[in-house]
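Q: Pasting the relevant annotations from Swiss-Prot:
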type: MOD_RES; residues: 3; note: N6-acetyllysine
type: MOD_RES; residues: 8; note: N6-succinyllysine
type: SITE; residues: 26; note: site 'Deprotonates C-terminal active site Cys'
type: ACT_SITE; residues: 32; note: active site, nucleophile
type: DISULFID; residues: 32-35; note: disulfide bond
type: ACT_SITE; residues: 35; note: active site, nucleophile
type: MOD_RES; residues: 39; note: N6-acetyllysine
type: MOD_RES; residues: 62; note: S-nitrosocysteine
type: MOD_RES; residues: 69; note: S-nitrosocysteine
type: MOD_RES; residues: 73; note: S-nitrosocysteine
type: MOD_RES; residues: 94; note: N6-succinyllysine
type: MOD_RES; residues: 94; note: N6-acetyllysine
């Protein structure tokens with residue numbers, strides 16, 4: 001299941017409550033073609049990796065989070081463990097997304 005983040009406090013709450021679990025963040029926008037293309041795959045990964053927390057942040061709705069996380073383009077995927085960023089890449093690369101999750105588990 002993918003959780004939609006609506007506020008900076010909700011974002012921080014997910015990072016804090018994840019504990020030792022990996023958190024994968026999809027920074028996207030409704031107008032972004034590649035974001036729409038990879039979204040079903042991101043949701044499928046959330047079913048496959050049920051020990052990983054998957055969240056989506058709309059950069060237009062949550063500009064403060066996008067700015068704080070230094071998101072420059074969409075989609076950007078960031079990976080957090082124990083509240084710390086442990087990985088990041090940009091672009092709708094399905095293979096890289098799944099490989100990065102496997103690597104960080």
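Placement of Cβ uses the backbone N, Cα and C atoms for every residue, glycine included.
Could you give the neighbours, burial and distances for every feature on this list?
A: Proximity of residue 3 (N6-acetyllysine) to non-local residues of its own chain (separation of 6 or more, Cβ distance below 8 Å) is seen for 14, 53, 54, 55, 56, given in sequence order.
In sequence order, 62, 64, 65, 68 constitute the residues six or more apart from residue 8 (N6-succinyllysine) in its chain with CB-CB distances below 8 Å.
Mapped onto three states, the DSSP output places residue 26 (site 'Deprotonates C-terminal active site Cys') in strand. The Cβ neighbour count for residue 26 (site 'Deprotonates C-terminal active site Cys'), using a 10 Å radius over every protein chain in view, is 24.
Proximity of residue 32 (active site, nucleophile) to non-local residues of its own chain (separation of 6 or more, Cβ distance below 8 Å) is seen for 74, 75, given in sequence order.
DSSP gives residue 32 (active site, nucleophile) a coil state; it is part of no helix or strand.
Counted within 10 Å of its Cβ, the other Cβ atoms near residue 35 (disulfide bond) come to 21, all protein chains included.
Spatially close to residue 39 (N6-acetyllysine) yet at least six residues away along the chain are 26, 28, judged by Cβ distances under 8 angstroms. In the three-state DSSP reading, residue 39 (N6-acetyllysine) counts as helix.
Within 10 Å of the C-beta of residue 69 (S-nitrosocysteine) we count 19 further C-beta atoms, all protein chains included. According to DSSP, residue 69 (S-nitrosocysteine) is assigned to coil rather than to any helix or strand.
Counting only same-chain residues six or more apart in sequence, the Cβ atoms lying under 8 angstroms from the Cβ of residue 73 (S-nitrosocysteine) belong to 90.
In sequence order, 38, 41 make up the list of same-chain residues 6 or more apart from residue 94 (N6-succinyllysine) whose Cβ falls under 8 Å from its Cβ.
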Q: Do you know offhand how many angstrom separate residue 35 (disulfide bond) and residue 69 (S-nitrosocysteine) by C-alpha?
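A: Between the Cα atoms of residue 35 (disulfide bond) and residue 69 (S-nitrosocysteine), the distance comes to 18 Å.
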Q: Where does residue 62 (S-nitrosocysteine) sit in the DSSP three-state scheme?
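A: The three-state answer is coil.
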